[in-house]
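Below is one structure; the comments refer to it alone.
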Amino acid sequence: MTETTERIVLLVPHTGRSSNIESAVLAAEHLDRAGITVRVLVNEEDDPIKTHPVLGRFEHVIHSRTAAEGAELVLVLGGDGTFLRAADLAHAVDLPVLGINLGHVGFLAEWESDSLEDAVKRVIDCDYRVEDRMTLDVIVRDSDLEVIGRGWALNEVSVENLNRRGVLDATLEVDFRPVASFGCDGVLISTPTGSTAYAFSAGGPVLWPELDAILVVPNNAHALFTKPLVVSPRSTVAVESMSGTSPAMAVMDGFRPIPMPPGSRVEIVRGKRPVRWVRLDSLPFTDRLVHKLRLPVVGWRGPDKQKELLDAETPDQP
């Protein structure tokens with residue numbers, strides 16, 4: 001990066017709590033003092049950022065495909081929902097995205113709020129690495145196979161029944177061959193990154209993010225064969241609604257919906273463009289999983305500890 005190149009960071013804060021605003025101020029001021037232009041995402045409605053004495057003086061943008069244009073990085077301060085919305089902006093212009101957790105579990109965040117200053121310094125120093133996370137590309141077709149919607153997802157595509165008094169009658173399809181038909185509340189098609197989110201709550205397995213695969217999880221399906229499936233990343237997964245069933249919705253990452261009238265189908269393939277994910281440490285995913293989900297590991301000794309015990313029990317040879 002040359003000295004004459006303007007450095008810009010898009011700051012995406014969750015403003016639901018006063019402590020979150022304070023974190024956004026800290027990050028913005030550190031970046032500003034380092035000579036980095038700060039651009040702040042705001043809501044179209046009343047947003048406390050617009051009138052804040054510090055955050056109000058920075059450039060403000062609303063959520064759009066061009067919000068992150070010209071920036072070098074998207075910095076997210078919030079939980080998983082905030083991260084997914086920020087990832088939508090970063091993905092549109094192929095930028096890296098870094099999440100700092102200000103929420104509860106914050107599975108998508110790289111670091112916690114108590115390390116915010118260190119994280120911002122790493123951004124200032126360009127001291128981070130970027131890894132690609134698999135995404136999904138989505139097409140919705142009507143009963144005549146005409147395209148009526150397109151989208152993408154980082155976590156999952158949730159095919160949801162809109163009639164809470166009945167079930168969604170659907171057929172699951174892999175590589176244009178039928179797998180099973182059933183009545184259900186919906187079907188989740190997830191990436192490895194999204195396997196710890198909605199798909200996990202619906203009974204799906206956890207997939208390590210380095211794995212290239214597509215996870216399919218029927219949601220409250222009424223059939224003998226309703227087990228989760230892990231299919232090839234080269235496959236096309238489709239969910240086809242029956243012509244006489246309830247209307248449905250294909251929802252990407254919880255906030256980008258495409259209506260699915262009866263008889264329509266949604267087709268999902270591996271995304272052409274990944275999300276560029278900022279990493280600040282080399283912590284194994286196993287450790288992150290245990291920490292975020294607070295999994296009990298009491299009594300674990302590990303190979304190093306077991307070796308010490310074996311060495312202590314082995315008598316010295318003459």
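Here, residue 1 is simply the first one shown, and the rest follow in order.
Every residue gets a Cβ built from N, Cα and C, even glycine.
The NAD(+) binding site feature in Swiss-Prot is assigned to Asp80, Gly81, Arg85, Asn155, Glu156, Asp185, Thr196, Ala197, Tyr198, Ala199, Phe200, Ser201; the stated evidence is sequence analysis. If you look up Swiss-Prot, you'll see Asp80 marked as active site, proton acceptor, on the strength of sequence analysis.
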Next on the checklist: Let's check the environment of Asp80 (NAD(+) binding site): how many other CB atoms sit within 10 Å of its CB?
Outcome noted: 22
Next on the checklist: Between the two most separated Cα atoms in Asp80, Gly81, Arg85, Asn155, Glu156, Asp185, Thr196, Ala197, Tyr198, Ala199, Phe200, Ser201, the residues recorded as binding NAD(+), what distance in Å do you get?
Outcome noted: 25
Checklist entry - How many other Cβ atoms are found within 10 Å of the Cβ atom of Thr196 (NAD(+) binding site), counting all protein chains shown? => result 25
Checklist entry - Sequence gap of 6 or more, C-beta under 8 Å: which same-chain residues meet both conditions with respect to Tyr198 (NAD(+) binding site)? => result Asn155, Glu156, Ser158, Leu188, Ser190, Gly254
